[in-house]
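Here's the structure, in structure tokens; my notes come after.
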Amino acid sequence: MALQQKKALSKTSKVRPSTGNSASTPQSQCLPSEIEVKYKMAECYTMLKQDKDAIAILDGIPSRQRTPKINMMLANLYKKAGQERPSVTSYKEVLRQCPLALDAILGLLSLSVKGAEVASMTMNVIQTVPNLDWLSVWIKAYAFVHTGDNSRAINTICSLEKKSLLRDNVDLLGSLADLYFRAGDNKNSVLKFEQAQMLDPYLIKGMDVYGYLLAREGRLEDVENLGCRLFNISDQHAEPWVVSGCHSFYSKRYSRALYLGAKAIQLNSNSVQALLLKGAALRNMGRVQEAIIHFREAIRLAPCRLDCYEGLIECYLASNSIREAMVMANNVYKTLGANAQTLTLLATVCLEDPVTQEKAKTLLDKALTQRPDYIKAVVKKAELLSREQKYEDGIALLRNALANQSDCVLHRILGDFLVAVNEYQEAMDQYSIALSLDPNDQKSLEGMQKMEKEESPTDATQEEDVDDMEGSGEEGDLEGSDSEAAQWADQEQWFGMQ
């Protein structure tokens with residue numbers, strides 16, 4: 001494909017536009033203008049991943065002769081190269097010519113241009129064109145998105161979705177699903193992704209996050225089916241590769257996940273989910289320093305996504321760099337605000353240092369006050385109660401959290417706590433529920449197997465019989481019969497496996 005693009009590029013570079021002085025002929029009228037040729041050449045350069053050449057050729061077009069599509073391409077290229085000021089200028093030029101260019105609006109908001117300023121550039125159109133009253137609310141919603149105010153963004157988009165004109169809008173549903181994901185509400189995120197997918201079976205955008213959420217829930221068969229469906233749509237997007245990578249990662253095939261993540265980055269170097277996948281695979285393979293590079297790049301591309309910071313902090317903790325982890329967690333807390341997620345992240349780091357255990361407890365209590373159903377906060381609070389051997393308090397906490405939701409990790413931890421207070425039957429039930437939610441959860445399986453190996457009443461009775469026989473001097477009969485000994489061993493093995 002690259003060879004064909006280079007041939008196309010060499011052919012377009014040889015095209016010479018007709019001069020205004022020569023007589024117009026049918027052949028000359030069929031030739032594209034010089035500006036159009038340059039635009040096509042820039043497209044070829046971008047497909048060849050030669051962004052600098054693309055910018056150079058578009059920069060050669062005088063500003064007054066640049067069409068909206070040229071300015072849009074320039075803006076995107078500048079943004080990708082990290083040149084924010086010329087990118088903002090180009091996006092504004094697009095809006096000046098096309099006030100309803102939604103991609104240009106999103107581009108400006110992503111570059112920290114205030115929502116009010118962006119809205120002012122579309123005000124005249126909103127007032128003159130009928131049925132555009134939703135646009136100002138739409139701009140406001142995405143301004144919240146790009147400032148990291150997830151709760152207000154969710155509320156604003158939900159109000160938009162209720163309007164008849166935007167009901168069942170796939171783009172809005174995808175944005176809402178992504179916001180729920182960022183806010184840590186995975187259940188609603190999955191529901192919105194499923195709704196968007198039903199409305200548009202060929203939807204690719206956001207499916208990498210959807211696949212990741214399904215994989216986390218242990219729904220690996222669904223992840224595999226999703227990956228196959230996306231590959232049938234297109235294998236030139238990062239999303240199918242990321243989904244397949246998530247399937248490999250949660251199947252503990254980290255080398256394959258690493259390869260698939262690298263392939264996704266090759267197709268789209270700005271894919272945050274691909275960077276997170278590759279970083280997580282590298283971390284689990286013990287290549288922590290390489291993983292740190294990928295998580296830092298993800299933070300640069302998505303500074304409002306908490307999971308990027310979580311990955312980096314996990315790397316610091318894995319390499320015993322508690323000080324760096326604490327600095328990063330405090331920065332996130334100050335930057336993204338004191339919400340349940342940032343409080344829990346800071347508490348997670350505090351739990352690693354015996355000196356800051358009390359601070360961790362305070363932070364977790366604040367997080368659970370804000371969101372009693374936030375699973376990560378519940379898990380960390382349960383971990384703290386386990387260290388203090390306050391099992392009854394832990395059981396009450398977990399029962400309360402499971403009242404309105406069902407989660408594999410919570411059921412498994414509740415099982416561990418019930419074992420600690422000798423409630424074996426109910427503990428077994430909790431492990432069974434956890435495994436029904438995620439059959440691949442190794443810790444639940446280990447907990448159940450450990451309980452099965454515990455001494456059963458039948459075992460105890462048999463041991464008492466052995467003691468009686470030893471006391472009565474019947475050792476010879478027991479040892480003398482090979483068939484009886486074999487049968488006894490079989491029974492012991494059978495009970496041990498239950």
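Placement of Cβ uses the backbone N, Cα and C atoms for every residue, glycine included.
TrEMBL annotations: computationally assigned, not manually curated.
Pulled from TrEMBL:
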REGION    1-28  region 'Disordered'
COMPBIAS  10-28  compositional bias 'Polar residues'
REPEAT    272-305  repeat 'TPR'
REPEAT    408-441  repeat 'TPR'
REGION    446-498  region 'Disordered'
COMPBIAS  461-482  compositional bias 'Acidic residues'
Per-state residue totals over the repeat 'TPR' (272-305) - DSSP helix, strand, coil: 27 helix, 0 strand, 7 coil
Mean per-residue pLDDT computed across the repeat 'TPR' (272-305): 94
Secondary structure composition of the repeat 'TPR' (408-441) [DSSP: H/G/I, E/B, coil]: 27 helix, 0 strand, 7 coil
